[in-house]
Amino acid sequence: MESAPIVLDNGTGFVKVGYAKDNFPRFQFPSIVGRPILRAEEKTGNVQIKDVMVGDEAEAVRSLLQVKYPMENGIIRDFEEMNQLWDYTFFEKLKIDPRGRKILLTEPPMNPVANREKMCETMFERYGFGGVYVAIQAVLSLYAQGLSSGVVVDSGDGVTHIVPVYESVVLNHLVGRLDVAGRDATRYLISLLLRKGYAFNRTADFETVREMKEKLCYVSYDLELDHKLSEETTVLMRNYTLPDGRVIKVGSERYECPECLFQPHLVGSEQPGLSEFIFDTIQAADVDIRKYLYRAIVLSGGSSMYAGLPSRLEKEIKQLWFERVLHGDPARLPNFKVKIEDAPRRRHAVFIGGAVLADIMAQNDHMWVSKAEWEEYGVRALDKLGPRTT
């Protein structure tokens, strides 16, 4: 294990890191960097307050910190802060000497080329890695499922990508980005709870509401029925105990919260909802490959974990096909096949696919961009990673 390639999946909300062959990330922690609001307190409880707090450490004392997310919508926006996160990853968590090691990094589709170049430059020049490979997250999610073609719906904390892939090649001209994801759903749940009189306004409360969302929220299959149930019965009502011991009642908010994925206007976005986005993406593909895409709609990322999401997507995509392609003719509907791949481990699908790929590549030095190639060719060395969008 000591010499195995490192697999690092940088997400907007969480960093996932481990080694080739691992079935799960060794470590997962929030992608946050915090600095104390006041320097007066040196210690709180048994946590030492430092000038820069990162990841789990920052999360533990979040209310005392000015918190920054170095990544937005899946893309690194602040490399200075990102270096703090990477230092924490390699030296505090993995406790390794990165010099001469191999590392597989992940990137979103449509990641700006300059970003990939800066990321690789940092790995070679700041940390001294011997080999670097950058893989597109959606392709790794497919590999985790043992597939090479399909539409990956990768919904994390900061962004949802809809990525059609055919025979391991991303169809870049069709990649879609829906700027509604986990963080938006959490904010929306905060506003729904506020209407009930429960105020969550501190940064520390955000984490509390996120956990509540993950435990209680689900995607409604039939909105009218759920609305009726919440209005006329207490079937949907759940008690939830907050960290300070208070108990609150959560009812209709359980299904209203994830609804922002299907109705983005609820969180101020003018984009189409998730089902329509997927349908439009596949319909824009070449007619010969559409059937392969419909038969492998692969869910990936933490915001795809809601109970009820796969069946709602299937129902709405079939409905869209019925209305827009068949124009309401039910005779041909049985020939239309949709399959939603909802693997139980899809929260970590990108990491799992990365660990599989890094293991296959471990003994094939020519597949990695080496430090020697970087020193000789500079950013041109990255051409061997294959064509990428600019």
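Just so it is clear, glycine is given a Cβ too, placed from its N, Cα and C backbone atoms.
Swiss-Prot has this to say about the protein:
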type	residues	note
BINDING	Gly156, Asp157, Gly158, Arg210, Glu211, Met212, Lys213, Glu214, Gly301, Gly302, Ser303, Ser304, Met305, Tyr306	ATP binding site
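Taken over all pairs of the listed ATP-binding residues (Gly156, Asp157, Gly158, Arg210, Glu211, Met212, Lys213, Glu214, Gly301, Gly302, Ser303, Ser304, Met305, Tyr306), the Cα spread reaches a maximum of 18 Å, rounded to the nearest whole number. The Cβ neighbour count for Ser303 (ATP binding site), using a 10 Å radius over every protein chain in view, is 29. A C-beta separation below 8 Å, combined with a sequence spacing of at least six in one chain, links Gly158 (ATP binding site) to Gly11, Thr12, Gly13, Tyr69, Met71, Glu72, Asn73, Gly74, Ala181, Gly182, Arg183.
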